[in-house]
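The next block holds one structure in the form of structure tokens; read it before the comments.
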Amino acid sequence: MKLKGEKQSSANNEGSKGKMTLILATVTLISAFGSSFQYGYNVSVINSPAPYMQDFYNQTYYNRTGVPMDSSFQTLLWSLTVSMYPLGGFFGSLIVWPLVNNCGRKGTLLISNLLSITAAILMGTSELAKTYEVIIFSRVIMGIFAGLASNVVPMFLGEMSPRNLRGAIGIVPQLFISIGILIAQILGLNIILGNAKGWPVLLALTGIPSLIQLLILPFFPESPRYLLIQKGNEEQARRALQKLRGRDDVDDEIQEMRQEDRSEKEEGQFTVLSLCTFRGLRWQLISIIVMMMGQQLSGVNGVFYYADRIFLSAGVDENSVQYVTVSIGAINVIMTLLAVFIVESLGRRILLLAGFGFCCVSCAVLTLALNLQTTVSWMSYLSIVCVIVYIIGHAIGASPIPFVMITEMFLQSSRPAAFMVGGSVHWLSNFTVGLVFLYMEAGLGPYSFLIFCAICLATIVYIFFIVPETKNKTFMEINRIMAKRNKVEIQEDKEELKDFQAVPGGQAEKKEISSHEL
């Protein structure tokens, strides 16, 4: 009896008291700063210096040909400069699966740093070399880097975290993405680097976080789950876990990994094709696709694009608009930071529903406000409120939680393929919005926000009925919840029964395991 009580308490201890150790905190910050930060930085870095970069394109073309650049060709070149980044992100997502399985999670992050450093050097020297083609090429390389970073960092951190900190640590990459956006906005101010002299430096700064990560990350452990389940090296996995947890007794977690390993032996490693056709993961896959599409197609890029105009129409001075944009970036950071602290108490579902709910309502009211602002004077202030509420909604739920959910809804063998699918949907949707929004805005004007409102609403309905709460559950428990929805039986139960029949009194032990696991 005593044994059972001891086991029970140690399991509960593991479930509720996995501590944030210095090693875990450092590896979280280093991987988020070296990878996720740059994803955000490069999203917004070319917004401020756009006029100066376009002048450089024009001047370079004129020096080569002796004639000024045609305006439609300039628009095409600039569209390519902007859109090559999400397109690169899509290609980056496609190579996640082979890289993380062959080189490990940490190895993939280190390899991707080389891409970022190369692109930073090329962009920084593009003005000296008098070539705008290099900038467009570098945007593709940075996109591939960001495509890898946006998928590998949440996977790496999610596999390292104790289950009671998994949500909070899982939001840290998104926090650093929003910090990256903010830092690029601040450095892009005209008085700092957003000017004719400073823009090459602004573009090149992205190499610094990569260099820091490349020098420091090798001293930290690889994902213990990867070491045990994919590499079959329990000794290394145990050492990595002991380092991360700051204690020697990690048997509970090793046991849970072994259990996950057993349940997956039947299925083997998933490719994207087998993931898409496997019935046992059908609802997980649909959920990830819906959340990722909802995240990008809910119009966050549209709101950022419109923000400047909304503030101008509310009477903000033209020179001050860039400072207002920075303040929106700051709100984004503060609200994402708040999400880190509340995700473990409120849970994932509430944040997803509230986040998309805020976005949905603010898009609807924004449509009204933009239509009436010429006739009703205070409507322009209402549209500012809508933008702020929208940013808050996206920052607490729609942006950070879907990546946390990919880590949690899939087991080790299917997780890389799931990130590849989720990441590809994320970047393709991002690319599509960037491409279509200008045409939508030209054709529909403010009514284009009604489309975003409808997408948010559809996402809310899906999450409400299908997506389960995953807070403080082991990967196996989440897998059992989804198995019921997929109407499949989990292999692991049969395997365990076989194991326990071989042990005298195994049935009692089996009962005891399920009592603390469920």
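Backbone N, Cα and C define each Cβ position, glycine as well.
What TrEMBL records for this protein:
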type	residues	note
TRANSMEM	21-41	transmembrane segment
DOMAIN	28-471	domain 'Major facilitator superfamily (MFS) profile'
TRANSMEM	76-100	transmembrane segment
TRANSMEM	107-124	transmembrane segment
TRANSMEM	136-157	transmembrane segment
TRANSMEM	169-193	transmembrane segment
TRANSMEM	199-220	transmembrane segment
TRANSMEM	285-307	transmembrane segment
TRANSMEM	323-343	transmembrane segment
TRANSMEM	350-372	transmembrane segment
TRANSMEM	378-405	transmembrane segment
TRANSMEM	417-440	transmembrane segment
TRANSMEM	446-467	transmembrane segment
REGION	499-518	region 'Disordered'
COMPBIAS	508-518	compositional bias 'Basic and acidic residues'
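When Cβ distances are compared across the two stretches, the transmembrane segment (446-467) makes contact with the transmembrane segment (350-372), since 3 or more pairs at least 6 residues apart fall below 8 angstroms. Contact between the transmembrane segment (378-405) and the transmembrane segment (285-307) is supported by 3 or more Cβ pairs under 8 Å, counting only residues 6 or more apart in sequence. Tallying C-beta pairs under 8 angstroms between the transmembrane segment (21-41) and each of 76-100, 107-124, 169-193, 285-307, 323-343 places 169-193 first. Confidence over the domain 'Major facilitator superfamily (MFS) profile' (28-471), given as mean pLDDT on the 0 to 100 scale, stands at 93.
Here the transmembrane segment (350-372) has long-range neighbours at 291, 294, 298-300, 303, 310, 339, 342-343, 379-380, 382-383, 386-387, 389-390, 392-399, 401-402, 445-447, 449-450, 452-453, 456-457, 459-460, 463-464, 467, meaning same-chain residues at least 6 beyond its ends whose C-beta is under 8 angstroms from one of its own.
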